[in-house]
């Protein structure tokens, strides 16, 4: 004998959240022999929305008992419920194709509305929206299904929204590889630390103006990095080598840097830095932060004095990408599972080589080639692009007694 055809029933519960709502609903449903297809729940400011999709024979869905029992049980606990029947029994769809992150301080309704309009105009369906952060920025994640061939248009449209609405909007493929990153490498100057180390050294020689002009031109991609490095280092000739330790002691981490590295270590990432700066200045910080890999330039020192030259291979644009590949090989990590974070034109090749390249408060030349761009001066925003939420960060910190929020001045 053929079993009677089945239909689907969507039950939506809304109201003030309280313990036991889900248990109450499923206790009733179990008495009617329904089969569970899907459950989704969200709670915002203690307001619950619970959706339960079930299938059952048509006579159960159409009869009065199921509706009566569900409504009576839910209203008894003070919540509202709606019940919708459909002849279709839906098949669970393929997962979303992309994820979109929107980060801002603040995210205005106008900004999010602009994102939603561009998404809709391209026929992109929003499958899920969730909050990922309330500090140091507001962060939202949208999982979406993008029609074939619309990927490029989506990225272009959302880049425009990002610029016009002053929010960060990043689009990533929603694939298994997104969850499998294992090695992350940071640039140092203006990324891991605030400011430029070469300018701090130049200040000791009274050449900060000259060096700053050369640095700016190099970071905009207007000068060959190797030549600009040699010109800048030449201004340091004659300085005592003790200035290296002085400058190393003056380095200030980018806000959120410790949180970022602490969290990444908990997740099992290998972490490194690749810098066009100088190894002797960076190494003490790298040791303090327990970094696994360091690549940087070497200042020549003769008789305790800087000669104004570098020795060994120069870590330039190509050298940074080479260092990333070497780190990945040493760590046994495929390049698809690497992340690179930087801010200047000399980071272009490194970000292009990485599985995920993130431009951090970057020059236009780098933003154009990066997979994602961040414009807020908090390094821990990188974690959100890796799928880590602020709640997860602080829950892990709480175990070690490290939860701390610093007041952020208005932008």
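Any Cβ shown, glycine's included, is placed from N, Cα and C.
Secondary structure at residue 187 (active site, nucleophile), taken from DSSP and collapsed to helix, strand or coil, is coil. Taken from Swiss-Prot, the feature active site, nucleophile covers 187.
Within the same chain, the residues at least 6 positions away from residue 189 (active site, proton donor) whose Cβ sits under 8 Å from its Cβ are 195, 196, 197, 198, 275, 276, 277, 343, 344, listed in sequence order. The feature active site, proton donor is assigned by Swiss-Prot to 189, with similarity to another entry given as support.
Among the features that Swiss-Prot reports, Mg(2+) binding site is placed at 187, 189, 343, with the record citing experimental evidence.
Among the features that Swiss-Prot reports, substrate binding site is placed at 196, 232, 275, 276, 320, 346, with the record citing similarity to another entry. According to DSSP, residue 346 (substrate binding site) sits within a helical segment.
According to Swiss-Prot, the domain 'ACT' annotation covers 10-88, on the basis of sequence analysis. Here the domain 'ACT' (10-88) returns a mean pLDDT of 95 for the predicted model.
According to its DSSP assignment, residue 196 (substrate binding site) is coil.
Every protein chain considered, the tally of other Cβ atoms within 10 Å of the Cβ of residue 343 (Mg(2+) binding site) stands at 22.
Neighbour counts of Cβ atoms within 10 Å were compared for the binding-site residues 232, 320, and the top value is held by 320.
Take the mean position of the Cβ atoms of 187, 189, 343, the recorded Mg(2+) site; other residues of that chain with a Cβ within 8 Å of it are 186, 188, 190, 191, 192, 275, 342, 344, 347, 360.
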